[in-house]
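What follows is a short report on a single structure.
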Amino acid sequence: MDEAVGVNADPDMPSDSRSSRWRNWTGFWLLGLCNNFAYVVMLSAAHDILKQQGSHNSTSPTPSTVALDVEGGKGSHYDCSPVSTAAVLLADILPTLLIKFSAPFFIHKLPYGFRVLVCVATAITSFLLVSFSSTVWISILGVIFASVSAGLGELSFLSLTVFFSRDVLGGWGSGTGGAGVAGALLYSALTQAGLSPRNTLLIMLVVPVAMVISYFFLLVFPPSFPQWKCREVESVRGGDSQNRRPLLDDTDEEEEREKGAEEDKVTGPLTFIEKRHIIKGLLRFVVPLGVVYFAEYFINQGLLELLYFPNFYLSHAEQYRWYQTLYQVGVLVSRSSLCCVKFRRIWALSLLQCVNAVLLLLSVYYQFLPSAWLVFVIVLYEGLLGGAAYVNTFYFISKETGDRQREFAMAAASVGDSLGIAISGLTAFPVHRYFCSL
């Protein structure tokens, strides 16, 4: 490929006209919505999946696995599921984590068009498996397919943003936040209205179809975009290199400056050593992002299930669903805020999220929170912090990375949130077992 592909294209390019920019922003919003939809629905349905399959497959109960009957006075005073919802979280995140760790080093050999078709196929398989499963492990397999779809989609679409103007990142971030609200709220509303979890998931099969339409018919691609061809060569233009804050460590900045304009003119695929060097520079963003997501998913899948208020007008399952819904509302608001406010100090957001985790952990142990209403407020605030960390991380990576490195950097950095979520899932297991044994 010897023509320059639009990398964060300039405003005077045909693909960046006013109507094209609107279509691209809307397209990325819908792609973010569709890509994260199955993932969010599986987490929202986690309590129902475990409860329903546990009742279908119950055998002789054991102290370590049985759902304890609070009203009957058996064992724990916590209303526990047979398996922690962290099991669903791990099935939902570990395949994504594996993809994000490995794929940035070879995914450029698979054209974007094929990647999208794989995402759609695995999302459809996910909904069907969970809908028609008769055992909890078939349901977990369906969740794994949702994870593969979301993981491959996220790193692919984040990489794809480099071919468009940078404002599509705002559309992507807002769409992923919208997936949270739409997925959690729609699932909560339909099940609370009387639809079974199976029928609710079958209705949501329309979402993968919407992804196909958004990608192939709504986005306006640059003329030389490699839709069905392997992208072996990376060509760039100089552009805004003087305005970038380099991602590389201070010790490497002088060396990079000496390369000057030569680096921006280099054409060819990144070497393995160059990719390692880029990853090193990304750590200042990836680590705080991972901490934010570790804390918030430790809350969501390890603690919220245990924050049950028996005297509240909502049942345990309904309280859990609305915790997840309000969290996603916070994510939507903050991920849509990029056009209004930008915040580079991701470490401050990680610190505040850890404070939330400690507060709710203590509240589970000492049970000092008086009402679910207070938990609703905390969970909404938690979502605001997580969404802000995500969208600002990728905005500043896009802004501060050289044109030639940007596509790889956006894909590689996507591992940060998934790594934090995976660690939180592993941590939530012993926490769940401990409280259920009290």
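Note: Cβ is positioned from N, Cα and C throughout, glycine not excepted.
A quick note: this is a predicted structure, and the numbers were derived from the prediction, not measured.
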Transmembrane segment according to TrEMBL, located in which of 254-275, 408-429: 408-429
Under an 8 Å Cβ to Cβ limit, what residues of the same chain, 6 or more beyond the ends of the transmembrane segment (408-429), are close to it? 84, 86-87, 89-90, 93-94, 96-97, 100-101, 103-104, 107, 151, 154-156, 158-159, 161-162, 247, 270, 275, 278-279, 282, 285-287, 289-298, 301-303, 390, 393-394, 397-398, 401
Maximum Cβ pairs under 8 Å to the transmembrane segment (112-130) among 27-46, 201-221, 346-366, 372-396 is reached by 201-221
